[in-house]
Amino acid sequence: TEKRYFSLAKINCVIMSRKMLNKGEVHNSDEQVTQEYDYDLFVIGAGSGGVRASRTSAGYGAKVAICELPFHPISSETIGGVGGTCVIRGCVPKKILVYGASFAGEFEDAQNYGWELKEKPNYNWKKLLENKTQEIVRLNGIYKRLLSNAGVNMYEGEGKVVGPHEVELTQIDGAKLNFSAKHILVATGGRAQRPNIPGKELGITSDEALSLDELPKRVVVLGGGYIAVEFASIWRGMGSTVDLFFRKELPLRGFDDEMRELVALNLEGRGINLHPAENLTELIKTEDGIKVITDHGKEFIADVVLFATGRIPNTKRVNLEAVGVELDRTGAVKVDEFSGTNIPSIWAVGDVTNRINLTPVALMEGSCFSKTVFGEEPSKPDYKDVPCAVFCIPPLSTVGLTEQQAVEQAKGDTLVFTSTFKPMRNTISGRQEKSMMKLIVDADTNKVIGASMCGPDAAEIMQGVAVALKCGATKAQFDSTVGIHPSAAEEFVTMRSVSRRIPPGGKPKTNL
């Protein structure tokens, strides 16, 4: 017999001739089912996915509990906070720092617009850090109230799965509580990882980068993804010397190659030193700072070395394998189309599943989970045409297929429309920085299957374009839409000439 714990009020579920849900398939059962649990749902992890799933599940009438580690801006195995990575040490504080760093360029550009800056503006890092911390503390409180208002019971401590229907919670003082739940949802997100090189303990991750006591004057960044180019832009905008090292010829592997090239040019134009196809091999502490040695035999001295070398699913301490939940080689929870694991009562959403690791995707997965399990509406997350943005300066945003992906998948010709131009504001400011927009069109159907933009306000513009792609818009419909003038966004509806037509099996444009 299965051992169960009933430390709180029990749920008496006596259901006659009910609809039973199993991984999205509804079937009838005439057998009387009697079962007692503390909760209908226990969620481990109060980040974006976990909070959304718990609130929407409670909205369907489920009795829900959620647990999360104590709050701290810098995470570890024992501290975290309600709101998770995005709110506390990810998207939100990063975007605040991006805003702060962007003013440096604004001050430069303002001079040719008639603004006479008598002295170079002083920058107060501690002031921004203080305001950033106040904001994430405020958001942490808001998330707690959202859970409370939804009727979700919140527990502070570390949760782990100890059975198909059992969760063990270790509280701050070390005391342990056990709860039974009809369903368990794992939403523990991901964690930053460090490369295995000598002196790796001298480097930092994005967690620490958002909470440094002092603004570093000399920075080395290792990595070519979102986090690497965003923090390179942040620190350079604030006046630091920045050297960016990445393994490939261009940063942002997986994005459209033309866009990657423009991002690289813009990063260099803003004063960031790029080191393509170069890696770090060792860090050494010296009196003058951290000595950085590369695989090209070069040496640099830095105040801070940021490892932006990817994130891994946070499953190490959740005890999943011990109860039979299957993980992949990266430690991610294996799930089906409905976010169910191989154990019928255990589910997982968000970065811990390593599908598309974006906050809005975790929110979508959390909502679909609730509909599936408690709403009698089996729902699969839709991963087609998910828009995203990289908040380097200026930003890159995209939705749908890259040119490379479109050509690989095409059965007919692929049409590529591009527009590269100097933004209107730069004609007066004198900044030598280009914007680029791109549409990918299936020649047979005339449907727009991909869109990209690198330039100011790219993310704001791309959100509307994403709606059009989701609705299956054709290039003819883009062309028939009246543009907003003067704006950069109007370029998306005025690109009439095909830049290139690529036949099936042809080669997309690339400078790699």
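Note: Cβ is positioned from N, Cα and C throughout, glycine not excepted.
Residues or ranges marked as active site, proton acceptor by TrEMBL: His485. Shown in sequence order, the list is empty: the chain has no residue 6+ apart in sequence with a C-beta less than 8 angstroms from the C-beta of His485 (active site, proton acceptor).
Cβ neighbours within 10 Å of Gly159 (FAD binding site), excluding its own Cβ and spanning all shown chains: 27. Residues or ranges marked as FAD binding site by TrEMBL: Lys95, Gly159, Asp351.
What TrEMBL lists as NAD(+) binding site is Gly223, Gly224, Gly225, Tyr226, Ile227, Ala228, Val229, Glu230, Gly310. Annotation for Gly223 (NAD(+) binding site): same-chain Cβ neighbours under 8 Å, separated by at least 6 residues, are Phe245, Phe246, Leu306, Phe307, Ala308, Thr309, Gly310.
Annotated disulfide bond per TrEMBL: Cys86-Cys91, in sequence order. Residue density at Cys86 (disulfide bond): 23 other Cβ atoms are found within 10 A of its Cβ, drawing on all protein chains shown.
Summed and averaged per residue, pLDDT over the domain 'FAD/NAD(P)-binding' (39-366) gives 97. According to TrEMBL, the domain 'FAD/NAD(P)-binding' annotation covers 39-366.
Taking H, G and I as helix, E and B as strand and the rest as coil, DSSP gives the domain 'Pyridine nucleotide-disulphide oxidoreductase dimerisation' (386-495) the counts 37 helix, 33 strand, 40 coil. As annotated by TrEMBL, domain 'Pyridine nucleotide-disulphide oxidoreductase dimerisation' applies to 386-495.
Counting every protein chain shown, the number of other Cβ atoms lying within 10 Å of the Cβ of Val229 (NAD(+) binding site) is 30.
In sequence order, Thr359 make up the list of same-chain residues 6 or more apart from Cys91 (disulfide bond) whose Cβ falls under 8 Å from its Cβ. Every protein chain shown contributes to the tally, and the Cβ of Gly310 (NAD(+) binding site) ends up with 16 other Cβ atoms within 10 Å.
Other Cβ atoms within 10 Å of the Cβ of Asp351 (FAD binding site), summed over all protein chains shown, number 31. For the pair Val229 (NAD(+) binding site) and Lys95 (FAD binding site), the Cα-Cα distance reads 13 Å. In this structure the alpha carbons, written CA, of Lys95 (FAD binding site) and Gly225 (NAD(+) binding site) are 16 Å apart.
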